[in-house]
Amino acid sequence: MFLKSLDIHGFKSFADKTHIDFAEGITALLGPNGCGKSNVVDSIKWVLAERNSKNLRAEKMEDVIFNGTERRPALNTAEVTLTIANDKGLLPLDEEEIAITRRLYRSGDQEYFINKRPAGPTEIRRLFMDTGVGKAAYSVMEQGKIDQILSSKPEDRRYLFEEAAGISRSKAEVAEAERELERTRQNMTQIEIAMGEIKRQYDTLKVQSEKTIKYRKFKEDIYLYELDLTLLRLKNFVTDKARHEEELKKVQEKRDKVRQEIEEINNTISENMDKVKAMQEDLYNKQAKLLAIGQEKNGKLELIKQQNQQALLMKEKLNSLEGRCSAIQERIDTVQEEIDENNAILHEKNKQLNDIKTNIESFQKNIETSSRQITDNDRKADSLRTQIGQLEEERAGLQKELAAITEDIVSMLDAKLKDAGFSEGALRIAKEELEQNFAKLKIFLDGRKNIFSDYAARKLSAEEAGKTASEAVEAFEEAGRQMAEVEASLKKYQDASPAFITEFLSPEGIMTKKRGIDDKINQNRDKVDDINNQIKELHSKNSELTTKINEYRDTLQKLKLNEIQMQEQITASQNQINTLNRQLTGEQTTLRETQDELYVETKRAEELNEQINQYQDELAEIEYRGKQLADEMNKLDEEIAKANKSVSGKSDTLDKKREEQNKYQEQFERLSLSLNSADNDIRNVKQNFQDQYSRDLIEFEERMYKITTPATELREKLSEAKKDFAALGSVNLMAPEEFNEVKERYERQRTNYEDTQKSLENLVRVSEEIKSKSAEMFLETYNQIKKNFHNMFRRLFNGGRAELKLADPANILSSGIDIYAQPPGKKLENIALLSGGEKTMTAVALLFATYQVRPSPFCLLDEIDAALDDKNVSSFVTALESFASVSQYIVITHNKKTVMGASTMLGITMEESGVSKIIALRLDEDIKRGTIVDHNQDDFKDEEVPDEEGVVLPPRPPKRV
Ligand SMILES: Nc1ncnc2c1ncn2[C@@H]1O[C@H](COP(=O)(O)OP(=O)(O)OP(=O)(O)O)[C@@H](O)[C@H]1O
């Protein structure tokens, strides 16, 4: 037993709470018309999540709620609970008993429960899929719907076989997979578009990035070469300084030693030399000052030299910046020109597009005008044809009249000829005789004329003249006689000719009338010919117009094509302009930046020049002071010389020592200057580097001692790098970073694309696997049902044969299923030609053939036996009984034999009008058995039915690795 019980409250005519217990085997649901039997079936369908109200015989879903009677008000809720035994685990739920509830409120809200747990309709439908109970399955066969199995389209019958094959769920899965596939395909298309866009950015930025990386590399190289060159210079200065310090120390020692010696000599020479000494000291002081001034001057000079070098570099830089500015400006001008050119082209194309549109309009108007002309011409031709019709009618009248007149003429002629005794032979003889007499007279007259002409030409004697005269008299007498003969034969001829011809030909005669009609007919024909010519002319005009229209259409099509192409060209031009504008903006930004840089550098150059001027002023002032001091020293020298002269006993040694001291002093000063200069150089090199790179050269002290490349080589490399750097032109400084970002995005999208592709392939594969499996399952089930159907048909009809055939065996998963049936003693017929009862029995055979393969756990059969005669009802009940042990049957019937086949009866009444009530009855087995018609079918033997031929199964996808 599958269905245990049903609780209905407020559903259709079940206003009161109603509980129905179902029994095993066959239950007959009985009751008078309209008592609510089918409502029980509806309630079961409804609780199993039927969503189409029409399938419940209701306009809208709320109509299933009890809507009241004369005595009872309507209810606001309908609720049905179906309790199912699941001890065999038919339903995929780990519960022995499953109660499914559906509740609907008038507001339209509804609820579902599975064992009191809220659930959704889809969950409920899925629960029953492939059990024979699911949507569109064969567990509910309703009143008058049984033979719809046969009358529905071959494709619509598949549901029976699919449900029996247990592939309804797979079908839903394939449909879902295909929807998912479509979604995935759309998703892939979107990713492809996005990837295309990113790839474009990727390519552009890749090129820019490579350029910028080169830019950075060159910049770094330049910096390192300049750093190394600076370090080499610094290293030289530092070495020089150390050397100078060493030498200075030695010279100082030597000088101090000599000075000591001089002092000693001086002390010994004279103390009077104090004055000289004082002067000498003064001179030394001055010399020291002069030395300091010299050093100061050298320092300044070196500074000026450095600054000048820097100014030179600065100038180079300014020149290069100016060069870059004008190069960018040139590019801007070129781009601007291109934009202007493109704008002009765009303008021109827009103009052309407008021209094309105008042409299209004018051609469309031409087509309309020509079409209108064709319609007018057709209308004219129609009216002319009507005229022809009228003329033809008229002519037919005339021809009738003519035929009547011709008839009259013939009969009249006949009568007159008879009256006149006309004989064609007599007329011919009379005519010949008349002609002969005329000829004879003519010959006679010609002969006499010749004779008398001869007489007239001769001179006749009187005798001859008398003879001639009497001959003449004879001749006239003879001529008179012959004339009389002619007259007689003329009369004869006239008598033989019919006199009524004249009457026929007279203006009021019948022939004149006939001619009149002939003329009218001819005129009528001429008119028709004329009109036909007019029609022909209209036709030829129309075909000319049609040719023209076709030409116009061709031109129009070409114009439309041109329009599209032009539109595309305009879009391309617009895009080109946009690209150029973007390029222009980029270049303008670079120009602005370069100009800013130029401005800053110019400012720095000006400051440098100011500084150089200031240093030069300071140098002039130092030189002035030096000169004054030198003058003072000359004076002192002179005074000392004077004093020395006055000092006696000045020894040569002292002079020599002094010379020696002077030599060392000079060396000392020179070295001091060099040392000073080296210091300055070191300071300047460091300061310049600090100014240029904002970094301290001290940081690179270690590097300084590791440089092995000679300066000349470094300079060459530096100039190469600068050249390469300048050749790069403008760069997008952020390109590498932007490129990395886009690259990352591109990679992400690619991974996304690959993942989507994998899931697409997976879906295709899943769908193919399901299809292949489903096809195999379907074919197996179909072949079984095919065999069962034939034998069940024979069983029910006591012979005959029935056949199932796949309409399209090459497409087994969509093929329709044709049904052929041949009741015994009849021809194999299309099922449409079967009688109502035969149809029902054939459908029942198919239904039971299906149950044999996959019995539905329960079946509701609502009056499917209505069209069957007694004998067929017996066969039906026998078949039903043979399935009663496998499935549970609830049969609504008015047929006693069917009722007697049931083991349980449920009565439905309407004690209170409009409200259904259940009464349970149980039949006595013996009474029941006694009424059943004999089941004498034991000797029945199944026949073999070959499997369907020519079936093509979808290939199985290769096994997954
Ligand atoms: N929402 C509703 N509220 C109250 N009564 C309803 C509602 N819907 C249908 N009915 C009633 O149910 C009855 C029809 O019931 P049903 O079709 O089940 O009868 P039946 O026993 O199958 O009859 P038959 O033997 O003629 O096929 C009708 O009287 C109809 O008025």
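Quick reminder: no glycine exception, Cβ is built from N, Cα and C everywhere.
TrEMBL: automatically predicted annotations, no manual curation.
Here the structure is a predicted model, which means the values were calculated and not measured.
Per TrEMBL, ATP binding site is recorded for PRO32, ASN33, GLY34, CYS35, GLY36, LYS37, SER38, ASN39. Here TrEMBL flags 940-950 as compositional bias 'Acidic residues'. What TrEMBL lists as domain 'RecF/RecN/SMC N-terminal' is 2-916. Annotated region 'Disordered' per TrEMBL: 938-961, in sequence order.
Everything TrEMBL records as a feature, shown here on the structure.
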| residue | record | Cβ contacts under 8 Å, 6 or more apart |
| --- | --- | --- |
| PRO32 | ATP binding site | THR909, MET910 |
| ASN33 | ATP binding site | none |
| GLY34 | ATP binding site | MET910 |
| CYS35 | ATP binding site | SER13, ILE908, THR909, MET910, SER916 |
| GLY36 | ATP binding site | LYS12, SER13, PHE14, ILE908, MET910, SER916 |
| LYS37 | ATP binding site | LEU29, LEU30, GLY31, ASP862, ILE892, ILE908 |
| ASN39 | ATP binding site | PHE11, LYS12, SER13, PHE14, SER916 |
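One way to see the shell of the ATP site is to take the Cβ centroid of PRO32, ASN33, GLY34, CYS35, GLY36, LYS37, SER38, ASN39; the remaining same-chain residues with a Cβ within 8 Å of it are SER13, GLY31, ILE908, MET910, SER916. In the three-state DSSP reading, PRO32 (ATP binding site) counts as coil. Secondary structure of the compositional bias 'Acidic residues' (940-950) per DSSP, as helix, strand and coil residue counts: 0 helix, 0 strand, 11 coil. According to its DSSP assignment, LYS37 (ATP binding site) is helical. For the domain 'RecF/RecN/SMC N-terminal' (2-916), the model's pLDDT averages out at 87.
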